[in-house]
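A.B. asks: Handing you this structure, nothing more for now.
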Amino acid sequence: MKTFLLLCLVALATVDARILIRRSTRGEYRMCVPEELLKDCEEMSQQNTKSAARIACIPARDRYECIEKIKKRLADFATVDPEDMYIAAKQPGQDFAVFEEIRTREEPEAEFRYEGVAVIHKDLQLNSIKDLKGLKSCHTGVGRNVGYKVPLTKLKNMGLIGNLAEPGLSARENELKALSTLFSKACIVGDWSPDPTINGRLKKRYSNLCQLCEDPQKCNYPDKFSGYEGALRCLAHNGGEIAWTKVIFVRKFFGLPVGTTPASESKEDHTQYAYLCPDGTRVPINGLPCRWAARPWQGYMANADVVKTVDELRKKIENLNAEGYKNHAPWLKKVLEISDKNIAKENKAISPGDYLDKGNYTDIVERDYGPPYKTARWCVITDEEMLKCTALANGAFTRNIRPRFDCVQERDVDACLRNIRDGGADIITLDGGLVDKAVREYNLKPIVAEKYAPDGGSYYAVAVVKKNSPYNSLADLKGAKSCHTGYGRTAGYNAPLYTLVKAGSIDKTNCPYPKALSEYFSGGSCLPGAANPKLQLSSGVSDKLCSLCAGNADTHDKKSKCNFDQSESFSGYTGAFRCLVQGGGDVAFVKHVTVPGNTDGNNKEAWAASLKSSDYELLCPGGGRAPVKDYKTCHLAHAPPHMVVTSNSKSAGEIEELQNVLVDVGEQYSERPDLFKLFGSFKGQKDLIFKDSTIALEAIHKESQVMKDYSELLSVIKGCN
């Protein structure tokens, strides 16, 4: 037996050695890229280079999923920012290594991408760091690294800034209040809140933080006293006493040599200024800078298996760098993050945590204040929502989105609404019908709305039929089979019920309305949630309303049949449309973007991959049909967007904080979906937390006309209550 085991070990070692030899000579390295960059990556992979190594492109939802794939050995390496490295460093059991940096051609030997420094007038009277209080301070801009996050983090750690977790104030307002108290005047331009109303109020309240700006009333870009050089200009020419910027711009401002760039003429006299060090000492401007923190370079990160043969991969990247640079290839910047201003530079393979620590950058990422430590707690229902919420919380924290998100899972929507009312959670996203319920029954209020187009967030509830079906009006549907998004939901229940009642097709006194609906669509229905005992429907009615439901249509598991959540495959907008396609339905009540979003190649799932939008039409409430694109003239209702609700008992400051963080996370990730795809399918599931068709989030300050009209619709269908 021992001999047999020894032979097996020898054989395995031989195979492993062959694999290593093959990878180091003619290996294939799997590069993970966000799915929108797949074509660019594939074009890059076709380039002929001196290196015999091959690049295979592995698509992922976003960089967050790339990190997961590299850890699971489903991919080998990816391009990452320091913030991505932080996420990787926090993965349990991770063995990542940063093996190459992306440095500038101007400073190819610099250890860091940039170093955050404080510059003062040489003769400024300071006996210690504590004497910073009352100074006039010049900053690059709100939310930026060296001009905002670095001083806030370091000064808080030094005890110069006090409580940054004052109840009733948002995370951003706590920061601004602290800076406004510490400095007598400042210039901190930018949007202090992504919401214009909140932004204006904050700038009025902390106006001294705009007094050193070129235009204090505007206090926004462009401003000649903002940015890296602008902060120095503010120090030199606008009464500033300390400027927070980065080393390379200090050297350029004073005409000193920078990397490969020689010294140049400057009107500024560097001998009149000095670096202020964190320990209170000073260093001449032409000396070795004393940094407060440093931002590491971007780079390439792999797992430990790849690092064993990384030299061949490094050679391949070097060859691709040269090839792309020579041909001005778009893929060079998109995939490798290399432009005509930077290059890939080898570094000793190092863990992402150690890589961040060497520049004191970890505590900049982890910038958090407390106790108490504030959180915005999402209430979610399904396991898939919990996974997405957790990923969002991890990703948003690294991108300076505060307060941090947390996730609470409950069994159903009512349990979530109850938990939010009772203070165990803070927020949940609901459709208009459920928002009304949350307001009436749980004392919640809507604070943020989804936006589906630049001009607003409302949508249209429509009735979809197959083009080859015999139906030409809603009246023709009597006796047909119907597919709904869910009980009490706007497009799938409230809108069709309202339309049928107003038209007289369903008698307004035929109560309860779910029973009337089951009689009208006597062929059968899928109305997810209809089996809920709380509705107190007879078994005959609920059986008819659930007869078309599938449970899990992919595994043929009926345990979740007619559930309100996505454990029922025919629940939600996509689910109701799938019921029409696959479940025997004659009509699907969905919203206007559902058909385009699941046809013509826009949904890659097997059941939808070959569907064409031209095979479906809309049924108009006044009779007749219309193409799917004509939803504005052929719809059942103009519905309000899905909204995020919270407890009505929260203070104005607490509500503003939630609005701030939600609008902020929507703005950041709609601009950079490659970092984390907030709006879009997640692990094959659609409409998790937010609708896939969402493009942004906006704060709600007053009830819209669409919501008022929708309230009238609800009053009609509540006639049975």
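Quick reminder: no glycine exception, Cβ is built from N, Cα and C everywhere.
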A.B. asks: If TrEMBL gives Asp81, Tyr114, Asp431, Tyr459, His642 as binding Fe(3+) 1, which of Tyr228, Tyr273, Tyr275 does it give for that site as well?
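C.D. replies: The record-listed residue among the candidates is Tyr228.
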A.B. asks: If you follow TrEMBL, the disulfide involving Cys579 connects it to which of the following: Cys483, Cys511, Cys634, Cys720?
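C.D. replies: Here TrEMBL pairs Cys579 with Cys483 via a disulfide bond.
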A.B. asks: So, in TrEMBL, which cysteine from Cys379, Cys389, Cys407 is disulfide-paired with Cys416?
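C.D. replies: Partner cysteine, according to TrEMBL: Cys379.
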A.B. asks: Could you tell me which of Cys210, Cys213 is bonded to Cys187 by a disulfide, according to TrEMBL?
C.D. replies: Cys213
A.B. asks: Can you count the other CB atoms that lie within 10 A of the CB of Cys219 (disulfide bond)?
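C.D. replies: Result for Cys219 (disulfide bond): 25 neighbouring Cβ atoms inside 10 Å.
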A.B. asks: Mind looking up the mean pLDDT for the domain 'Transferrin-like' (29-369) in the predicted model?
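C.D. replies: So the average pLDDT across the domain 'Transferrin-like' (29-369) works out to 96.
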A.B. asks: Just checking: which of Cys32, Cys138, Cys579 have a Cα that is within 10 Å of the Cα of Cys57 (disulfide bond), counting only these disulfide-bonded residues?
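C.D. replies: Final answer, ordered: Cys32.
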A.B. asks: Between Cys562 (disulfide bond) and Asp81 (Fe(3+) 1 binding site), what is the CA-CA distance rounded to a whole number of Å?
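C.D. replies: Cys562 (disulfide bond) to Asp81 (Fe(3+) 1 binding site), Cα-Cα distance: 44 Å.
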A.B. asks: Express the distance between the Cα positions of Cys213 (disulfide bond) and Thr140 (hydrogencarbonate binding site) as a whole number of Å.
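C.D. replies: A Cα-Cα distance of 11 Å.
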A.B. asks: Cα-Cα separation of Arg144 (hydrogencarbonate binding site) and Tyr228 (Fe(3+) 1 binding site), in Å?
C.D. replies: 10
A.B. asks: Around Gly147 (hydrogencarbonate binding site), which of the listed recorded positions (Cys32, Cys234, Cys379, Cys389, Tyr573, Cys579) come within 10 Å, judging by Cα atoms?
C.D. replies: none
A.B. asks: By a 10 A CB contact count over all chains shown, which of the binding-site residues listed here is most packed: Thr140, Thr485?
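C.D. replies: That would be Thr485, with the highest Cβ count within 10 Å.
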A.B. asks: Provide the three-state secondary structure of Cys219 (disulfide bond) computed with DSSP.
C.D. replies: coil
